[in-house]
Amino acid sequence: MLELDQIEIEQDGFRLCADLAVPRGQKTAVIGPSGAGKSTLLSAIAGFIAPCAGRILWEGRDITGLPPGQRPMSILFQDQNLFPHLSVARNVALGLRPDLKLSRLEWDRVDEALRRVGLTGLQDRKPGTLSGGQQSRVALARALIQARPLMLLDEPFSALGPALKTEMLDLVAGIADETEASVLMVSHDPADALRFASHTILVADGRALPPRDTGELLNDPPPALAAYLGK
Amino acid sequence: MASRAQPIEPWIRAAASIAAALVAILTLGTLAAVARRAEGLGGLGSADWAALRFTIMQAGLSAALSVALAVPVARALARRRFPLRRLLITALGAPFILPVIVAVLGILAVFGRSGIVNDILASVGLQRISIYGLWGVVLANVFFNLPFAVRLFLQGWAEIPAERFRLAASLGFSPRDVARHLEWPMLRSRAPGAFATIFLICLTSFAIALTLGGGPRATTIELAIYQAFRFDFDLGRAATLAALQLALCALTALAAARFTLPSGHGAGLDRTVWRWDADRWLSRITDGLVIVAAVAFLLTPLGAVIARGLPALGDLPAPVWKAAGRSLAVALISTGLTVAMALPMALALAARRPPRGLETIGMLPLATSSLVIGTGLFLMLRPVVSPSDLALPVTVAVNAVMALPFCLRVLVPPARELAGGFGRLADSLDMRGWARLQHLTLPRLRAPLGFAAGLTAALSMGDLGVIALFADQDSATLPLQLYRLMGAYRMDQAAGAAVLLLALSFALFCLFDRGARGHA
């Protein structure tokens, strides 16, 4: 379980409070008006921003002070998820070992992960030669191989077309189920939330509210969300 | 501010601290040594005050002429399109790595007593002119700094949006209106910075003053330090002069820092904007003449050296080859040293919270001079060892430190870009230490590292500065050996050595620069 224990985040005069918990294995969307602090919340959980108060706990263990790379989570950013100078296989392999000293067995696992996301045969290509969807798949293969219990998605598919985005979300769901990971996904599209996430965290007016059932929340939105949705 | 500045990696912090300490010892430490030995301004004679006046005058004249002449050249280049334009603009960056002594030899071949210009003057019955003294020094300084100023202004022109010129055309602006409303504001914002930078460069003019100046009326402070050292062995006076030089440089550097200069390596220099206002035959002809004159001024000296030196390459005396070997070794070692210092410093400076004072320390070498550092090192080392035994190591250290600010200027922006673009991804993947260096930093910074290394190698190869203070017969570098050949009036051999030096400098630059880019 991920717990945000009364955390306060402050950045450039902007404040965000959160006091909530996300159960293990749950797929959760994070929605709210743009500029409300959705990405900021994810950055704090990932360790790129230190909260000025409160604690972040994973399975009861305080991880507030851990550097990003040592937290039990993988993260996909909006862009720059791959190193352009490394081959597809090496980009994925970084998820196993940051020094890229992999055993034969581990390289086999890299190939397997690439097969799983449908990129067999592209091991030696550079990311720049792939399509946007293929690049997302490489990043997903890396998340798959990292097999961390929490996946953070900061709108990594927002540049893809609707069909491709749905495909990616299904892939994420499959990977999360395989690795029994919880997923926190920032989205500005309620349809994505409905399709993908059983629960949704609403971020608005400087607060991140505890996750609620996505369908209920969207059917009966509080005023801030209603204004955002245009209802 | 809750944003967690990702802590700078320990090895980077440690390496950057060691590098900063080394720079501080070589700049501030030598300053302290010089200050302790300096005798107060009372110890200076009238010749020394004349040197101060001459230093300021030649620097001022050189900077003013470079800036003034650069305006028409840059303007012509900015509004004309012609074959080889791109190559020409790239070549304008070359004087930075051109060995000073080679250029001086070329200038002598064109403007010297038996040079091309004087031959022409004599053939039409006019008196021959002498290049030695103030005007020779200024001429050589302009040779080096005119291209620099042209590039700065060219960038300014490139930054005027094309739409403004379109608007000007639609309003029927004449060239004079365009100059007043578009070009003059740009020039006014850039000229002070260009002037201050060139003034600062010319203040520490040593090799040019050594070869083209000299005598009571054309001695710079740098040269006076050298003379107090080598000829009078008056360490107290050398130290006082060094303190004076330092004060002058530091004041100018402070003043220059107030004018922000855009980096000289900006993209878009070869962009052309269609200029309706310049589409007249008269301005076409004047622009053409200006470009031809500038190219002739910059290329003829080098052509003359090469034409004279190539045949002499075959029978260069053995000491020249030995000196070339020493210079190569000095250049390669100081390049390694500079890169080893500049990379961790640049990475630390690219962090969200860079260590305090690091940037200032990195720029300190700009405010001092190689002869000041040399004097200080001599004073520091003399109680321990015989300085002439350390001529080459000292040269390596001074060259490495003097090149550091340029390397930082090249490396810090891409290092910041790297941290901004991929820092979070690398952090989230727990890439640290050697793994991060090997798989992220080095591959991504390959091109700027190669460029910085190439600059350092070429600068070090062609440097004629501190080595002149320390060297004896057995430790001359190639530029010093070349100077000795000139002093002995063995001009053919000097030209041959100049061609060798030129080739080695540019080869080193290309080796590092192209080598790094080729595999990127």
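Numbers here mean position along the shown chain, with the first residue as 1.
Keep in mind that glycine also has a Cβ here, set from the backbone N, Cα and C atoms.
Taken from TrEMBL as is:
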type: TRANSMEM; residues: B:12-35; note: transmembrane segment
type: DOMAIN; residues: B:52-256; note: domain 'ABC transmembrane type-1'
type: TRANSMEM; residues: B:55-75; note: transmembrane segment
type: TRANSMEM; residues: B:87-111; note: transmembrane segment
type: TRANSMEM; residues: B:131-154; note: transmembrane segment
type: TRANSMEM; residues: B:194-215; note: transmembrane segment
type: TRANSMEM; residues: B:235-261; note: transmembrane segment
type: TRANSMEM; residues: B:281-307; note: transmembrane segment
type: DOMAIN; residues: B:324-512; note: domain 'ABC transmembrane type-1'
type: TRANSMEM; residues: B:327-351; note: transmembrane segment
type: TRANSMEM; residues: B:363-384; note: transmembrane segment
type: TRANSMEM; residues: B:390-412; note: transmembrane segment
type: TRANSMEM; residues: B:449-471; note: transmembrane segment
type: TRANSMEM; residues: B:491-512; note: transmembrane segment
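Contacts between the transmembrane segment (B:235-261) and the transmembrane segment (B:87-111): absent, as fewer than 3 C-beta pairs lie under 8 angstroms at sequence separation of six or more. Here the listed stretches are B:12-35, B:55-75, B:87-111, B:194-215, B:281-307, and the one with the most C-beta pairs under 8 angstroms to the transmembrane segment (B:131-154) is B:55-75. Most Cβ pairs within less than 8 Å of the transmembrane segment (B:194-215), among stretches B:12-35, B:55-75, B:87-111, B:281-307, belong to B:55-75.
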